[in-house]
Amino acid sequence: MKKRADLHGRSLAASEQRSPTSSAPIRVNGVDASTDFSASITIREPQLAHKVPSPHSSWWGRPSKDHFVSASGVIGYSYKDIQKATQNFTTTVGQGSFGVVYKAVLNSGDTYAVKVLASDSRQGEKEFQTEVCLLGRLHHRNLVNLIGYCVDRGQRMLIYEFMSNGSLANLLYNNDAIILSWEDRVQIALDISHGIEYLHEGAVPPVIHRDLKSANILLDLSMRAKVADFGLSKEDAFDEHNSGLKGTYGYIDPVYIATNRFTTKSDIYSFGVIIFELITGIHPHQNLMEYINLAAMSSDGVDEIIDEKLAGKCEIQEVRELAKIGHRCLHKFQRKRPTIGEVSQGILKIRQRRHVRQDTMSTQASFSRVLSRIQSQHIELSRIASMKEGDP
């Protein structure tokens with residue numbers, strides 16, 4: 001039985017020096033060539049198009065002169081539009097390090113999430129609009145995509161697709177939430193890896209998340225996972241007790257703490273923590289690393305820390321294989337950690353092997369049923385033949 005400590009409400013985040021360079025970041029060979037998003041937003045002017053009638057005006061029930069489309073296709077909305085859609089900002093669904101999130105229901109019936117950014121942000125309006133333009137260019141099925149934004153009445157808001165099943169953290173740690181099956185957890189790990197793979201290897205310039213955690217993994221109606229809060233400026237997220245560091249306690253790469261240098265391998269470390277959250281159902285604030293170290297002591301050590309909710313409901317070999325990937329992600333030397341592409345391939349192989357086993361079992365079951373029918377028919381034919389031999 002696992003002994004779990006109380007959750008500590010600490011989180012680490014901090015300010016970082018903005019890059020002084022005025023030249024655009026260039027993607028070169030090597031994972032450490034990736035630039036973090038907040039550095040990249042300082043080097044481009046916002047490219048906002050002239051006001052045009054928006055094809056999405058009907059989302060908010062009426063055309064508005066305040067609507068305009070940026071060069072990246074992100075739509076601007078007025079404060080009044082969002083105020084109406086959120087019932088005067090009373091539909092709170094969550095709160096993160098950057099502000100409060102509201103549920104917005106439009107006249108059309110469509111639902112979105114509105115994130116009202118903290119009013120004490122030190123980011124200028126031009127920088128914010130530049131960031132919006134860049135966020136608008138990042139689209140992937142495993143990212144929570146940006147739909148629109150608002151800069152009005154001193155407020156800055158971001159409008160995202162709505163994720164009806166909430167965060168992975170809530171599903172793992174809320175006893176009233178849906179219980180995630182092992183198959184769900186493997187699929188969630190794969191979805192996360194695909195989202196991060198796009199940020200690290202598909203986006204130009206590459207994006208380092210810098211605050212990857214289960215609370216930033218959201219699930220849609222089909223329980224498919226999407227990565228949230230990528231690309232948001234981290235300059236305003238800091239912990240007064242740990243100035244100079246960014247991220248959340250329990251997920252921060254020790255190498256980053258020592259060097260104050262964030263790389264793609266720092267995201268890999270955070271993902272390793274999430275993998276063990278999926279396996280154990282233990283929050284990082286509950287001494288998760290102690291359980292992880294226990295699991296590393298032997299090849300079957302992970303058997304002792306599997307989430308109680310999965311008892312007898314998972315393939316133990318799959319758990320061990322996923323744990324191996326998690327351990328590699330948490331390696332103390334960054335160069336020994338896998339790339340996100342390697343992580344994706346490893347998780348995909350786990351799922352593929354399961355499908356092969358299921359197909360094999362299905363084939364064997366079908367063969368057994370056919371053999372059983374043949375045997376039954378043989379018995380019946382023998383009985384009929386016996387009856388005929390007994391006729392006078």
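Going from the start of the chain as shown, residues are counted 1 onward.
Cβ coordinates come from backbone N, Cα and C, glycine included.
Look at TrEMBL and you will find 1-29 tagged as region 'Disordered'. The feature compositional bias 'Polar residues' is assigned by TrEMBL to 14-24. Summarising the annotation, TrEMBL assigns domain 'Protein kinase' to 87-348. The ATP binding site annotation in TrEMBL covers LYS115.
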LYS115 (ATP binding site) CB neighbourhood, other CB atoms within 10 A: 22
Average pLDDT across the domain 'Protein kinase' (87-348), rounded to a whole number: 90
